[in-house]
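Presented below is the structure to which this report refers.
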Amino acid sequence: MVVFSKTAALVLGLSTAVSAAPAPTRKGFTINQIARPANKTRTVNLPGLYARSLAKFGGTVPQSVKEAASKGSAVTTPQNNDEEYLTPVTVGKSTLHLDFDTGSADLWGFSDELPSSEQTGHDLYTPSSSATKLSGYSWDISYGDGSSASGDVYRDTVTVGGVTTNKQAVEAASKISSEFVQDTANDGLLGLAFSSINTVQPKAQTTFFDTVKSQLDSPLFAVQLKHDAPGVYDFGYIDDSKYTGSITYTDADSSQGYWGFSTDGYSIGDGSSSSSGFSAIADTGTTLILLDDEIVSAHYEQVSGAQESYEAGGYVFSCSTDLPDFTVVIGDYKAVVPGKYINYAPVSTGSSTCYGGIQSNSGLGLSILGDVFLKSQYVVFNSEGPKLGFAAQA
């Protein structure tokens, strides 16, 4: 476990700048998310969202969650705090609004290869004149809530912020399920996990980050997601104005293709810290925090009236309830998730019952620290090591 102060980071940054002087093309840049309020008819299937997160990592989706997702028994109309925050990316001749996902390794988007009925409301990927279609290559992704997408693969120009590559694998959707079609705010996904889990067949392709990291001042990106506001991604540098205190670093485990790491314990509310650490993944593409059953149960035991609802497919409670904070211990650093972040959303439009931002990992064997956790932190994803850095947001 290594801790860097802002001063040390500045010295390191100056050292890097000096050593990189002969290579003026190297750079760093910031790209902001934007709010994409969905149309008035859009709804969010909460157990469906939960099921997709479990299936993404090979977990077993409980029958109660499957049934709740299929029946639409916990479907809510997003309010302001549930807007989607997406990132504009130039792909081929198009600008798409993509979900940046550190838990997957594909760059895919809605395309003009889809039937016209499935294109409505979405920006579409159209290959540039210089694009090359990879003959015999394909991709196919499916999730636990029944959603899926598949199609062809191109090599094309992609620009994110100030960096462009003309050799990025772009996965063009030619088939897509209704779950994605209905989400008109979102045009696809840009994966930031390790390239080893890219799903393109017959040969996996590199992620955008792996393709362009040699152009960056440092082979890293940092994430500052925000509660009730668009977040920011910094590529190639660390912005010390976005965090307080010091950044605590820990080794990242990339053996499964994810940004995995080991925690050193946790605490709930004002309680003392447990020394029982757990293995976790830092995932911007998962909304919730998914933990071992004993931790989840311990958390909701401190929430008056909380119960595990078969109908809703997860833990629920009165929306007016004050929830305890949840703290993850990483070395000497304590990453605090405010209780208000864990009060995720009403289980249905106008309901006074809310769905918890912490849910069970269903025996997955590791915990997923998704956006509910990340919105309290400034997180550095450094491919050298690799390693992860955590600090409280400024």
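Any Cβ shown, glycine's included, is placed from N, Cα and C.
What Swiss-Prot lists as active site is ASP101, ASP283. Under the heading disulfide bond, Swiss-Prot lists CYS319-CYS354, citing sequence analysis as support. Among the features that Swiss-Prot reports, domain 'Peptidase A1' is placed at 85-391. Here Swiss-Prot flags 1-20 as signal peptide.
On the structure: features taken from Swiss-Prot.
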| residue | record | DSSP class |
| --- | --- | --- |
| ASP101 | active site | strand |
| ASP283 | active site | coil |
| CYS319 | disulfide bond | coil |
| CYS354 | disulfide bond | strand |
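Around the Cβ of CYS354 (disulfide bond), a 10 Å sphere holds 24 further Cβ atoms from the protein chains shown. Within 10 Å of the C-beta of CYS319 (disulfide bond) we count 14 further C-beta atoms, all protein chains included. Within 10 Å of its Cβ, the residue among the active-site residues ASP101, ASP283 with the fewest other Cβ atoms is ASP101. Geometry remark: CYS319 (disulfide bond) versus ASP283 (active site), CA distance 26 Å. The average per-residue pLDDT of the prediction over the domain 'Peptidase A1' (85-391) is 96, rounded to a whole number. Calculated from their C-alpha atoms, the gap between ASP101 (active site) and CYS354 (disulfide bond) amounts to 26 Å.
A gap of 23 Å separates the Cα atoms of ASP283 (active site) and CYS354 (disulfide bond).
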